[in-house]
Amino acid sequence: MAKIINIIGREIMDSRGNPTVEAEVHLEGGFMGMAAAPSGASTGSREALELRDGDKARYLGKGVLKAVEAVNGTIADALIGKDATAQAELDQIMIDLDGTENKAKFGANAILAVSLAAAKAAAAFKGVPLYAHIADLNGTPGVYSMPLPMMNIINGGEHADNSVDIQEFMIQPVGAANFREGLRMGAEVFHSLAKVLKADGHSTAVGDEGGFAPNLPSNASALAAIKVAVANAGYELGKDITLAMDCAASEFYDKEANIYDLKGEGKKFTSEEFNFFLQDLTKEYPIVSIEDGLDESDWDGFAHQTKLMGDKIQLVGDDLFVTNTKILKRGIDNGIANSILIKFNQIGSLTETLAAIKMAKDAGFTVVISHRSGETEDATIADLAVGTAAGQIKTGSLSRSDRVAKYNQLLRIEEQLGEKAPYKGLKEVKGQA
């Protein structure tokens, strides 16, 4: 038995200079797992609660000492003596102790940190890599794949202080033979883009996720700059590299007026008009994936969007589904979107995360594993992507060590697994196989 003998919680810093929760789970025999909770900037209203202290005199109210206290107190008391390999049992104990619908008592940041640390400790006890233990928990032992990365090379919206409304413009190295080559292609385009932006007199400062954050005249101009960068790097857009966008449309949706307000370019749209605006972009550029193309509450609009583009474009629900099986089931039943973004901390435990992945795959949805804009050096999502054979990962640009840490872990995993973890490129994207 992988008996838990101690649990330690602490307050550490994330990549935005805000506190977050880190947890250690110690087992008999000297085995240990450590994990940290990430934090989002553009968040869905139905996400599990990230518990903050609210003390304005300390970290501007963003301290997490209450969540840390829960880890070191109630959670530790309940889990010490339990088996770390019994992930579902551990997570359910924490969920039941919290007793709220959205983990508001302890905080999803507390529960998640312990949940992931327990999984890492269990993997250490078993003497296997974390991705292998996750595959076991997922009921798919030995089934792996290397994910196609969505690399966020131009940041806008809530992730940058600029005039670009759409939050993320991403490249996907679909023409690569393996993950390592895909990463190289992405890095080369990233550096090529820096030269393109500089030549046009734009800033090459980076946003929260490591992509550039230039003040561009329109959202389409971001795509145009990437097009030039891809060509200058020696690749063919649409063949070697495809494009993806995260609109994070809830951030520029005016609920009172019921319009989508692209203030950066002075344009306003109804729900239907914005769908056609996005469709026009997919006709002009090889965009194969659009995330959160409408406000999280605009289900009628999403139904229209799915009918309009769902057979050819991957439509990913992030704020729309918030890694929640109840909300995802509603989407599946009503023909809303065709893919889900998976973020641990939206739901707050590894077990619930795996349940969302399974539900999505069983319904024929694709799965994209994702970081948050507030990250740490913790690279657990790399193991999650491989261990669930998710197929796609979104973990920022080729800049900032909080992003690159995940890519480096994927390089190590590919080196270990070789042909046991195929890289399928464009075949992983809904509507493109």
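Placed from the backbone N, Cα and C atoms, the Cβ positions cover glycine too.
Since we're looking at a predicted model, the values are computed, not measured.
Some features that Swiss-Prot has for this protein:
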- GLN167, LYS343, ARG372, SER373, LYS394: (2R)-2-phosphoglycerate binding site (BINDING)
- GLU209: active site, proton donor (ACT_SITE)
- ASP246, GLU291, ASP318: Mg(2+) binding site (BINDING)
- LYS343: active site, proton acceptor (ACT_SITE)
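The CA atom of ASP318 (Mg(2+) binding site) is located 13 Å away from the CA atom of GLN167 ((2R)-2-phosphoglycerate binding site).
Each of the binding-site residues LYS343, LYS394 was scored by the number of other CB atoms within 10 Å of its CB, and the largest score is that of LYS394. Reduced to three states, the DSSP call for LYS343 ((2R)-2-phosphoglycerate binding site) is coil. Of GLN167, GLU209, ARG372, all annotated as recorded positions, the residue with the shortest Cα distance to ASP246 (Mg(2+) binding site) is GLN167. Long-range C-beta contacts of GLU291 (Mg(2+) binding site), restricted to its own chain and to partners at least six residues apart, with a cutoff below 8 Å, comprise GLU168, ALA244, MET245, ASP246, CYS247, ALA248, LEU315, VAL316, GLY317, ASP318, LEU341, VAL368. Distance noted between the C-alpha atoms of SER373 ((2R)-2-phosphoglycerate binding site) and the residue listed as 'active site, proton donor' is 6 Å.
Around ARG372 ((2R)-2-phosphoglycerate binding site), the same-chain residues at least 6 positions away in sequence with a Cβ under 8 Å from its Cβ are PRO38, SER39, GLY40, ALA41, LYS343, ASN345. Put simply, LYS394 ((2R)-2-phosphoglycerate binding site) is 10 Å from GLU209 (active site, proton donor) when counted between their Cα atoms. Of all Cβ atoms in the protein chains displayed, 31 besides its own lie within 10 Å of the Cβ of GLU209 (active site, proton donor).
In this structure, GLU291 (Mg(2+) binding site) is part of a beta strand by DSSP. Around the Cβ of ASP246 (Mg(2+) binding site), 30 further Cβ atoms fall within 10 Å across all displayed protein chains. Every protein chain considered, the tally of other Cβ atoms within 10 Å of the Cβ of GLN167 ((2R)-2-phosphoglycerate binding site) stands at 30.
Its Cβ taken as reference, SER373 ((2R)-2-phosphoglycerate binding site) is surrounded by 26 other Cβ atoms within 10 Å in the chains shown.
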